[in-house]
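Engineer: First the structure, which I've put down as structure tokens, then a few questions once you've had a look.
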């Protein structure tokens, strides 16, 4: 006797086995799931894979999404502990990593996350050798270097989420101060995604009018309007959210999805993301920091050489030195 499916449906052509635009998110914690839902709501992928070592948490999160399939345009969501589920991904987003425990040094946390990357990256590359990898796990700049080293991928294919969010916070806060939508506020935060990030005040502009031309002291200690507090709010913003709700998730997820769209849709938009800066601004070490990068299907296709003033360049090099002093002691 025929099954209900056999009586109802007549097949005309075989299904395509391979997705055209598959994204994998590694890590189903708060950031990973915020990235997943943001990607799904933007309709960036025709297949989304979730990978995590915690099978119960993974299954629960995946089922919760699958039960909402009717409301999503992504036809396929898969999940598993094994990296075979990520096979043939165009983009792999790594959000998994250890959290700092009380009394732990930054270097000790970093070393634990290096161990995590050593466990994650080989499985990713084995199943998706031509993928682009985006690192979100902190400290993102050094871990982008680590993933580049472990993966063997070209530098253009390994991208850190970097200062894309810092720059977005910067533009939002400038907009709040001026009463202008952040999309019309143009400015960059570069260097480390963290305390030593560098606001490029010399280039901040609205409709081509640089704020420095109106206030030459902008961003400095002598600025009577104290615009430098804007950058302080950028640096403190993540900590404030962390203290209030226990973690950050939505802003970083929206930032990650914005970067992913530029890569997967070949948009050639410019983002402040983490990449190799050796050879720029006199830097001789293999350091990864955020600079403006053009993103497309090949990953990072071009670098934008920012004309920093003397003070900004000095701060950028200081940011580089801070990271190098940590990175040089890493055991890979």
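Quick reminder: no glycine exception, Cβ is built from N, Cα and C everywhere.
As annotated by Swiss-Prot, blocked amino end (Ser) applies to 2. What Swiss-Prot records for 29-57, 99, 138 is NAD(+) binding site. The annotation substrate binding site is assigned in Swiss-Prot to 106, 138, 169, 248 on the grounds of similarity to another entry. Residues annotated as active site, proton acceptor in Swiss-Prot: 193.
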Engineer: Who sits close to the residue listed as 'active site, proton acceptor': which same-chain residues at least 6 apart have their Cβ under 8 Å from its Cβ?
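Structural biologist: Sequence-distant Cβ neighbours: 138, 139, 140, 141, 160, 161, 162, 163, 165, 166, 274, 290.
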Engineer: Could you check the recorded positions 2, 138, 248 and say which one's CB has the fewest neighbouring CB atoms inside 10 Å?
Structural biologist: 2
Engineer: Please report the number of other Cβ atoms within 10 Å of the Cβ of residue 49 (NAD(+) binding site).
Structural biologist: 28
Engineer: How long is the line from the C-alpha of residue 37 (NAD(+) binding site) to the C-alpha of residue 248 (substrate binding site), rounded to the nearest angstrom?
Structural biologist: 15
Engineer: Quick one: of the recorded positions 2, 29, 49, 57, which has its CA closest to the CA of residue 248 (substrate binding site)?
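Structural biologist: Smallest Cα separation from residue 248 (substrate binding site) among 2, 29, 49, 57: 29.
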Engineer: Check the DSSP secondary structure of residue 169 (substrate binding site), expressed as helix, strand or coil.
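Structural biologist: Note: residue 169 (substrate binding site) is helical by DSSP.
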Engineer: Given the binding-site residues 57, 169, which one has the fewest other C-beta atoms within 10 angstroms of its C-beta?
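Structural biologist: With the binding-site residues 57, 169, fewest surrounding Cβ atoms within 10 Å: 57.
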Engineer: Round to the nearest Å and give the CA-to-CA distance linking residue 41 (NAD(+) binding site) with residue 169 (substrate binding site).
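Structural biologist: A Cα-Cα distance of 22 Å.
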Engineer: Note down the number of other Cβ atoms within 10 Å of the Cβ of residue 41 (NAD(+) binding site), including every protein chain shown.
Structural biologist: 13
Engineer: Restricting to the chain of residue 33 (NAD(+) binding site) and a gap of 6 or more, list residues whose Cβ falls under 8 Å of its Cβ, or answer none.
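Structural biologist: Long-range Cβ contacts: 61, 249.
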Engineer: List the Cα distance (Å, whole number) between residue 169 (substrate binding site) and residue 29 (NAD(+) binding site).
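Structural biologist: Given the Cα positions, residue 169 (substrate binding site) is 23 Å from residue 29 (NAD(+) binding site).
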Engineer: Just to confirm: which same-chain residues, 6+ apart in sequence, have a Cβ under 8 Å from the Cβ of residue 53 (NAD(+) binding site)?
Structural biologist: 81, 96
Engineer: With the cut-off set at 10 Å between Cβ atoms, which of these binding-site residues ends up with the most neighbours? Options: 37, 45.
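Structural biologist: Output for this query is 45.
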Engineer: Give the number of CB atoms, excluding that of residue 29 (NAD(+) binding site) itself, located within 10 Å of its CB.
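Structural biologist: I count 18 other Cβ atoms within 10 Å of it.
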Engineer: How far is it from residue 29 (NAD(+) binding site) to residue 2 (blocked amino end (Ser)), counting Cα to Cα, in Å?
Structural biologist: 44
